[in-house]
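According to TrEMBL:
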DOMAIN    33-287  domain 'Major facilitator superfamily (MFS) profile'
TRANSMEM  34-51  transmembrane segment
TRANSMEM  71-89  transmembrane segment
TRANSMEM  101-120  transmembrane segment
TRANSMEM  126-150  transmembrane segment
TRANSMEM  162-183  transmembrane segment
TRANSMEM  189-209  transmembrane segment
TRANSMEM  254-273  transmembrane segment
Amino acid sequence: MAPSPTGNEWLDATFELPDNKNPLKFSRRKQAQVVAAGIAIIANSALGSSLPSGATSDIAKAFSVTNRLQLILINSLYMLGFAIGPLIFGPLSEHLGRRPVLVGTYLGYMIFTFCCAVSPNFTALLIFRLLCGVAAAAPNAVVGPVFADIFDHPGPRGRATAYYMCATAMVPPLGPIISGYATRHSWRLTFWVGVGISGVFLPLVCCLPETYAPIIRKKHRVDPEAAEKQQPSFARELKVIFSRPFVMAAREPVVLFTSLYLALVYATLYLFFQAYPIIFQGLRRFT
């Protein structure tokens with residue numbers, strides 16, 4: 001399988017960039033800006049995954065949903081989007097660049113969250129939650145490579161990744177708290193709050209610079225033919241991207257068992273989010 005233009009090929013691309021365009025030579029201030037934007041994107045993505053957890057009872061009343069299993073779809077379809085999105089946006093970020101993918105999907109996340117807030121029926125809400133999850137999955141596949149684009153030393157890269165992981169772990173538990181307070185007024189307010197929070201960070205995200213060296217070379221005409229040759233065809237890369245997870249799971253036991261472990265962790269975490277309203281609102285009559 002042909003690898004993506006990373007490693008030595010990527011470094012070859014950065015060597016011919018002027019200093020003011022080379023992502024490895026960004027100033028500390030610009031690096032901090034990129035890291036902050038990446039964390040803001042992943043934090044909103046993580047928040048959206050659990051945001052309506054405390055509003056399921058009100059949603060059920062609003063749309064006359066009597067089957068509790070259907071309410072689980074509000075979060076599970078979002079997580080299904082998490083599985084679909086990286087397969088699309090990972091390779092797309094190497095053909096269009098990191099910035100267009102991250103900014104575009106962030107706007108998509110805001111738009112679909114807005115659509116959730118104004119959903120006319122339960123079916124529309126589920127469709128918008130799925131689309132919201134697909135858009136919100138982009139940072140899972142792209143933010144890590146962005147940090148690798150701007151840091152060539154393991155120390156700074158490791159710290160940025162640690163902040164990234166903190167956001168993915170610490171933000172989802174805030175979702176039920178936000179929706180619990182918001183539903184005192186309306187379940188729709190839950191999604192309006194999500195739109196508002198993402199809107200606060202929109203200027204920071206829109207100022208995110210491009211960090212993928214082959215795209216920068218192509219844009220600024222620094223040996224565009226060589227930059228084009230470094231990128232495999234989109235069809236070939238799609239074949240690699242879609243087959244690689246299955247090949248690695250079959251050949252590398254550590255990948256298989258780590259994936260199973262993470263699947264169990266995510267399943268347990270979001271099971272908690274589904275159980276909170278049942279236990280504390282249904283059994284213990286908390287408001």
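In case you wondered, yes, glycine gets a Cβ from its N, Cα and C as well.
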Item to check | CB contact flag for the transmembrane segment (254-273) and the transmembrane segment (126-150), at least three pairs under 8 A | outcome: no
Checklist outcome for this item: Looking only at the domain 'Major facilitator superfamily (MFS) profile' (33-287), mean pLDDT returns 87
